[in-house]
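**Student:** Supplied in structure tokens, the structure appears directly below.
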Amino acid sequence: MAEQEPTAEQLAQIAAENEEDEHSVNYKPPAQKSIQEIQELDKDDESLRKYKEALLGRVAVSADPNVPNVVVTGLTLVCSSAPGPLELDLTGDLESFKKQSFVLKEGVEYRIKISFRVNREIVSGMKYIQHTYRKGVKIDKTDYMVGSYGPRAEEYEFLTPVEEAPKGMLARGSYSIKSRFTDDDKTDHLSWEWNLTIKKDWKD
């Protein structure tokens, strides 16, 4: 049986319903301080110095200035029932993702994992923003608060809450997703586009 494509009216209705779920928060970020400034504050207070060291680690602030402060390295769809890994290497050719598509079985539970590094300074209020399109119509916008992170050698990983893939005949098909990793200063650390195909089964 041929898949039934959603009409423009149905897509508009989905977009309107998702628009109602979006919430805006009046939040004013605090003034940004560098790692060096934080380390210099109350440096004669031994207990505070130890606390900051535990919080920030032994940070080397003389990192290569030519390397971006935040480097987003990968996106993974975490799904226990997937037959194989669903991963994007975000350090390579981002344009190639427009020609590929993840296959996700309808109705399964999954999470999105973003892997990233912070190289020099603390970054406040990082966010992962995702716009989802179907047949050129934006049907969903989701903002995930990632939080504030300081520099370290190891990668950080952020996991979104568990979500359920859409299901049903109208939900099956291709989706285009525009992703952006930003922060309180509205710095665009990385923007990329990728595709998702909802199918009745993993290998439909």
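Backbone N, Cα and C atoms are what each Cβ position is placed from, and that goes for glycine too.
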**Student:** From the set K99, K141, which residue is assigned the annotation N6-acetyllysine by Swiss-Prot?
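**Tutor:** Record lookup in Swiss-Prot returns N6-acetyllysine for K141.
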**Student:** Which one of K135, K178 gets the tag N6-acetyllysine in Swiss-Prot?
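**Tutor:** So the answer, going by Swiss-Prot, is K178.
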**Student:** Quick one: which of S47, S96 has phosphoserine in Swiss-Prot?
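**Tutor:** Comparing S47, S96 with the record, Swiss-Prot tags S47 as phosphoserine.
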**Student:** So one of K50, K138, K200 should carry the feature SUMO2 cross-link according to Swiss-Prot; which one?
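**Tutor:** Comparing K50, K138, K200 with the record, Swiss-Prot tags K138 as SUMO2 cross-link.
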**Student:** Hey, which of K98, K127, K199 does Swiss-Prot call N6-acetyllysine?
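**Tutor:** In Swiss-Prot, K127 carries the N6-acetyllysine label; others show none in the record.
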**Student:** Counting Cβ atoms within 10 Å across all protein chains shown, which of the modified residues K105, K178 comes out on top?
**Tutor:** K105
**Student:** Based on Cα distances to K138 (SUMO2 cross-link), point out the closest of the modified residues K105, K127, K178.
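**Tutor:** Closest by Cα: K178.
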**Student:** Once the chains shown are all counted, how many other Cβ atoms turn up within 10 Å of the Cβ of K127 (N6-acetyllysine)?
**Tutor:** 16
**Student:** If one measures from the C-alpha of K178 (N6-acetyllysine) to the C-alpha of K141 (N6-succinyllysine), what distance in angstrom results, rounded to a whole number?
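**Tutor:** Distance between the two Cα atoms comes out at 10 Å.
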